[in-house]
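> Following this message is one structure expressed as structure tokens.
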Amino acid sequence: MSDRTEAEVQRLRAVLAVLAREFPDTTPPLDYASPFQLMAAVLMSAQTTDRQVNVVSPQLFAAWPDAAAMATADPEAVAEVIRSIGFFRTKARNLVAAARMIRDEFNGQMPDRMEDLVRLPGIGRKSAGVVLAHVYNTPAIIVDTHFGRVTRRLGFTTETDPVKLEHDLAAWWPHDTWNPASMRMNFHGRRWCTARSPKCSECPLQQYCPYPAGSAVGTGAT
Ligand code: SF4
């Protein structure tokens, strides 16, 4: 590990200490009662707010609470229940197809490895990371638009491609930081470090962040 990286790890830990006070709870803001239901909720949350997902989840999980039940569902009936969220038809098809894959290829058990989770229809690396982190407590760097924006502005990476960004950070972030950083930087991006008008003058990370000085030239502005 280079001197620069050692110093950067210390800065990362200082940032995370502030964020831990700011956001003590790292639970995903989705309603679920089992690993399968978390997977289903995350699948539904693509391009939809968590609040909208939480509106449809009770009826969905009352009708089809687990993979065994969902695997027997008619995708049209599932679509009818979740029709208030975006892309509901595609998501309904993916929910049923994912449940059937869990039943047929994983012996009815939720997969617990990234390479298996991303085989489930509708589940990408971000969604798989949420399941790994919150169901299995496996370290995962969960890259979404908020996380990417915050980590770039904080100067931890310059990557914009989600997979490259994940690997860039994974190369030097200690494993114990992955899960708390994923959730808390996401929350921070929603509350303070917003895309169009970050609240830098009030931000609790101001002293650790190079962005305000560099923002005039557009550093990490996306
Ligand atoms: S100081 Fe500004 S750019 Fe840096 S983390 Fe805070 S809100 Fe984001």
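Numbers run from 1 along the shown chain.
From the backbone N, Cα and C atoms, a Cβ is placed for every residue, glycine too.
Below are the features listed in TrEMBL for this protein:
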type: DOMAIN; residues: 44-191; note: domain 'HhH-GPD'
type: BINDING; residues: C193, C200, C203, C209; note: [4Fe-4S] cluster binding site
> Identify, among the binding-site residues C193, C200, C203, C209, the residue whose Cβ has the fewest other Cβ atoms within 10 Å in this structure.
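Across C193, C200, C203, C209, these binding-site residues, the one with fewest Cβ atoms within 10 Å is C200.
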> Using DSSP, would you call C193 ([4Fe-4S] cluster binding site) helix, strand or coil?
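DSSP call for C193 ([4Fe-4S] cluster binding site): coil, neither helix nor strand.
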> Just to confirm my parser: what is the rounded mean pLDDT across the domain 'HhH-GPD' (44-191)?
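That stretch averages a pLDDT of 97.
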> May I have the list of same-chain residues other than C193, C200, C203, C209 whose Cβ is within 8 Å of the Cβ centroid of the recorded [4Fe-4S] cluster site, in sequence order?
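So the additional residues around the site are R153, W192, P198, K199, L205, Q206, Y211, P212.
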> Need the DSSP three-state call for C200 ([4Fe-4S] cluster binding site) to compare against my parser.
helix
